[in-house]
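*Asks:* Dumping the structure here so I can ask a few things about it.
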Number of protein chains: 2
Amino acid sequence: MNSDYALLETKIEYVFKDKDLLLNALTHTSFANEHRSKGIKDNERLEFLGDAVLELVSSEFLFKTMPDMPEGNMTKLRASLVCEPTLANDAREIGLEEFIYLGKGEEETGGRKRNSIVSDAFEALIGSIFLDGGIDNARDFIIKFALNDIENKRLFYDSKTILQERINIAKVGKLSYEITGETGPDHNKTYEVAAMLDDKVIGSGMGHTKKAAEQQAAYSALKKFR
Amino acid sequence: MNSDYALLETKIEYVFKDKDLLLNALTHTSFANEHRSKGIKDNERLEFLGDAVLELVSSEFLFKTMPDMPEGNMTKLRASLVCEPTLANDAREIGLEEFIYLGKGEEETGGRKRNSIVSDAFEALIGSIFLDGGIDNARDFIIKFALNDIENKRLFYDSKTILQERINIAKVGKLSYEITGETGPDHNKTYEVAAMLDDKVIGSGMGHTKKAAEQQAAYSALKKFR
């Protein structure tokens, strides 16, 4: 846990007029629940707002930068940019997870590494920048920290489909996924998965769900193929 | 079909700088398909953008006017405001359906009355106002024509649940829905449904799906109860 909020403001390249908004964005429910009597609020309402700001800014960005892309493709591309694992990665790029206020139980069970908590804080941060600095500052932040590296994000999002397609075209064998490890207690499991081409490992991945681990494995295989 | 676009601008209380944006918003795919050679584009990309503008403005509106409402309730209330039948009703309040460019086949099979077509044009119109006049003009339009009459919209959206709850509390009998009529061809059916309290009709509704007709019937029953 890091409470040097001036450092965070440097990382996100935005300085808050109202610091309470920043603190509110960083407050997970588990912390607010433990400190309810002090009037501390969680970040869920800000996340609700930030999610909508992100949706608009990413839609506007795709609409303007991809003038010939059909609506269906824009919808799919937007989904790859605003899905939970992608936003959690965006958040980790700025080290946001360090700054989140977590309750004790959540901290002990590894909540600081959980995609849902980290991506929710990222959306709440967007909501708080929007309230503090308006749509233009929120747009600047989103373009810098969420709408970068689009090709890789698309590849990651569609990795299972793309890998299957390439293997079909190359006719090199049969793709499957195998669980190679399971660690942690039931409520906080981590899966290790191998992407297999026939009986050869071509990629590996980890995740809190089997699907997330498979996606990671497919993505790692795609990166080798390139 | 009405092509007096100055009249439409009067109704929506917004005058376009770029009239092509307005025409683009009113162009259904079925019309664009018939006139592809003339370079006419459909409104699907504008709908994609308008949907996101509506999501942000309605979220911001609820966030600011309901300062104590938990995130879950805001999400549900927002859904009642931006769902297809509600948006189609909003569109009909300004007579938007008259101004939509439809293909011949779509016109003949009653497309001008279909909720999906009318609500999509409403979202595309929001997208075009946003591009033409920015977020402030889009916000004005949405607050005037989509975020009005919120209590009734919530009642409509939740009508089946609310009706069931009231009947449970009053312990006056058993609620059921019965189809009382079906008209039109398979691809464009209209259902008539009665809401029944034991064997007594307490409301009736029509819709293109059984669920839509039941919702309408529940809403008509609720209005009588008041």
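Backbone N, Cα and C define each Cβ position, glycine as well.
Those TrEMBL annotations? Automatic predictions, nothing curated.
The feature domain 'RNase III' is assigned by TrEMBL to B:5-134. Residues or ranges marked as Mg(2+) binding site in TrEMBL: B:Glu47, B:Asp120, B:Glu123. Residues or ranges marked as active site by TrEMBL: B:Asp51, B:Glu123. Sequence annotations record features per position, and here TrEMBL assigns domain 'DRBM' to B:158-226.
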*Asks:* Same chain, not part of B:Glu47, B:Asp120, B:Glu123: whose C-beta falls within 8 angstroms of the C-beta centre of the Mg(2+) site? Give them in sequence order.
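*Replies:* Going along the sequence, the neighbours appear as B:Asn43, B:Glu44, B:Leu46, B:Phe48, B:Gly50, B:Asp51, B:Ser119, B:Ala121, B:Phe122, B:Ala124, B:Gly127.
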*Asks:* Rounded to a whole number, how many Å is the Cα of B:Glu123 (Mg(2+) binding site) away from the Cα of B:Asp51 (active site)?
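*Replies:* That separation, Cα to Cα, works out to 6 Å.
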*Asks:* Among the binding-site residues (B:Glu47, B:Asp120, B:Glu123), which are close to chain A, meaning C-beta separation under 8 angstroms?
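*Replies:* Out of B:Glu47, B:Asp120, B:Glu123, B:Glu47 lie under 8 Å of chain A.
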*Asks:* Have a look around B:Asp51 (active site) and count the other CB atoms within 10 A of its CB, chains all included.
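*Replies:* A count of 24.
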*Asks:* Which one of the binding-site residues (B:Glu47, B:Glu123) has its C-beta surrounded by the most other C-beta atoms within 10 angstroms?
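*Replies:* Compared across B:Glu47, B:Glu123, the most Cβ atoms within 10 Å surround B:Glu123.
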*Asks:* Round to a whole number and give the Cα-to-Cα distance in Å for the pair B:Asp51 (active site) and B:Asp120 (Mg(2+) binding site).
*Replies:* 9
*Asks:* Compile a sequence-ordered list of residues in the same chain as B:Asp120 (Mg(2+) binding site), six or more apart from it, whose Cβ lies below 8 A from its Cβ; state 'none' when nothing qualifies.
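*Replies:* Expected: B:His28, B:Asn43, B:Glu44, B:Glu47.
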